[in-house]
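**Q** The structure's right below; bear with me while I get my questions together.
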2 protein chains.
Amino acid sequence: MEKFNIHILGCGSALPTTRHQATSQVLNIREKLFMIDCGEGAQVQLRRAKLKFSRLNHIFISHLHGDHCFGLMGLISTFGMLERTADLHIHAHADLQRLLEPQLEFFCKGMPYQVVFHPFNPGERTVIYDDRSVSVETIPLRHRLPTCGFLFREKPTPNHIRRDMIDFYGIPICMMNRIKNGEDYTLEDGRVIPNSELTTPSDPPRAYAYCSDTVYLPRIAAQVAGVDLLFHEATFTESEAVRAKQTLHSTAAQAARIAKDAQVKRLLIGHFSARYEDEKALLEEAQAIFPDTLAADEGLKISL
Amino acid sequence: MEKFNIHILGCGSALPTTRHQATSQVLNIREKLFMIDCGEGAQVQLRRAKLKFSRLNHIFISHLHGDHCFGLMGLISTFGMLERTADLHIHAHADLQRLLEPQLEFFCKGMPYQVVFHPFNPGERTVIYDDRSVSVETIPLRHRLPTCGFLFREKPTPNHIRRDMIDFYGIPICMMNRIKNGEDYTLEDGRVIPNSELTTPSDPPRAYAYCSDTVYLPRIAAQVAGVDLLFHEATFTESEAVRAKQTLHSTAAQAARIAKDAQVKRLLIGHFSARYEDEKALLEEAQAIFPDTLAADEGLKISL
């Protein structure tokens, strides 16, 4: 099965602590890296996770609160010192470009690569990235400023060739791509061998949804229905439900309700408030509603 | 003796590694904290060192390379979330204000405290800070853009009262401050008791000099002569002397030569290039010329 890993670089909330870094995650999808959010310290966490800097070409920023983007300048600047030449694409609200450009001009003059901004409207559900392996769709969220999550959907992979059947019928190599992609094969005597006899079905495409930061928003469930892994913020426990609503954050129980309604395979909670010494209470609260819940942690890697 | 501590928050160079953070130090002088440089991650290192955020009112920035100032936005923003009300003073080249203000406007709107910029000319030797405990003077350095070091000089403290002599002569409490500050005392019978009989001399004022980043600059020695501790950058070993000169950095041997010429009490080297797996070679090279040399490390605290 091809790689689809989620690496947690940071899962704290606005106030960084010595336990949790500011928000950042990296997806490794078939050896291409995609970063989601880039809080302060993300570049060191990326190094710590032993992820290859050169494989990271796209960064997606959910919203412009400092704990989700203050690591960008350090990362961009380090990539320049490491003689990167490939463009680095940043997908974010248009305000980010306006804020970063004067800094890039000052701190990164003469860098051997370009930072390319791709502004999008976080309030609108749109596909903002698409290649032959994966597409990325925004998930409009509700927070104190324009915010969206991201839904990463893997593209279907070709069927697996059944070597034994290919040999049995003596099918030439030049036909393999067409057979992988579903074609039947006609023998010289006119007999048609159905594709189902020549291949086994490929692994079903996987999906990862990232929802942070947001107030409890039941409508998310429809968009993330059935994903293999849902990351949902769980800044507070239910005992702080009023504060969660006021600050437009979610509780662990609310994150679990979304997971349950969406019938996702697994839930990953994070964006923990600095007030919690550990995540036990948050995790137990979510698991009571949705048992397949994990708590994020720096260095955690999940394979889908 | 009153506090005069140096805390190393980060002592790496431009490329952060998992061993060394970007540059930042904090001085604790009589329970007032002064930060020198503020590389990415400084706020977490400050927390890790268990230094009280509220005691930090002044930050001094040596020059505007990212590894010396990319931690400012995170720090400023966190102070705001912690409901700080006291002004935070940033002493730096004028360009910093121009670069930070649009970010403060966007990310820190409505913060309960003010950031006050104090621009200075790094090319000119000037006292840029002065209170009743300490003065800070710039040390013009030579690097790829305008840069200076900082010389922290403690103010003399009053003499220590000799309790036994005060009791012996029956000197009233109201006279203590004048006696501490050097006055003699006249008894009712007209006899004059010299101050030297009533006090013991105070501890000699201490001084700390910070020199980073800079090419080898022999003239520094005169300005930092005799300081209790000299921090001098030692990005490279002598085997990289050509590269040091090209990038306007110093070698460990050059740092040691400044320390020796200046007859400082101790030398602390730092700003280590990411190429060194450990600091043994750098430290040995410096110690061969100036034996009282220490290598900086994250979490290191030195009391003067």
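Positions of Cβ are set from backbone N, Cα and C atoms, glycine also.
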**Q** With B:His63, B:His65, B:His143 listed by TrEMBL as binding Zn(2+) 1, identify the candidate in B:Asp213, B:Asp228, B:Asp261, B:Asp278 belonging to that site.
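**A** TrEMBL names B:Asp213 for this Zn(2+) 1 site.
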**Q** Can you match one of B:His160, B:His271 to the Zn(2+) 2 site that TrEMBL gives for B:Asp67, B:His68, B:Asp213?
**A** B:His271
**Q** In angstrom units, rounded to an integer, how far apart are the Cα atoms of B:His68 (Zn(2+) 2 binding site) and B:Asp213 (Zn(2+) 1 binding site)?
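**A** Counting only the Cα atoms, the answer is 10 Å.
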**Q** Taking the Cα of B:His271 (Zn(2+) 2 binding site) as the centre, which of the binding-site residues listed as B:His63, B:His65, B:His143 lie within 10 Å of it?
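**A** So the list reads none.
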**Q** Take the mean position of the Cβ atoms of B:His63, B:His65, B:His143, B:Asp213, the recorded Zn(2+) 1 site. Which other residues of that chain put their Cβ within 8 Å of it?
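**A** Checked against the 8 Å cutoff, the neighbours are B:Ser62, B:Leu64, B:His68, B:Leu141, B:Arg144, B:Leu145, B:Thr147, B:Ser212, B:Thr214, B:Leu248.
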**Q** Go through B:His143, B:His271, the listed binding-site residues, and name the one with the sparsest Cβ surroundings, counting other Cβ atoms within 10 Å.
**A** B:His143
**Q** Note the mean pLDDT of the domain 'Metallo-beta-lactamase' (B:206-272), expressed as a whole number.
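**A** The predicted confidence over the domain 'Metallo-beta-lactamase' (B:206-272), as a mean pLDDT, is 98.
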**Q** Centre the Cβ atoms of B:Asp67, B:His68, B:Asp213, B:His271, go out 8 Å, and tell me which other residues of that chain have a Cβ in range of the Zn(2+) 2 site.
**A** B:Ser13, B:Ala14, B:Ala22, B:Thr23, B:Asp37, B:Gly39, B:Ser62, B:His63, B:His65, B:Ser212, B:Glu233
**Q** How many Å lie between the Cα of B:Asp213 (Zn(2+) 1 binding site) and the Cα of B:Asp67 (active site, proton acceptor)?
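**A** Just about 11 Å between their Cα atoms.
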**Q** Could you put numbers on the helix, strand and coil content of the domain 'Metallo-beta-lactamase' (B:206-272), residue by residue per DSSP?
**A** 25 helix, 18 strand, 24 coil
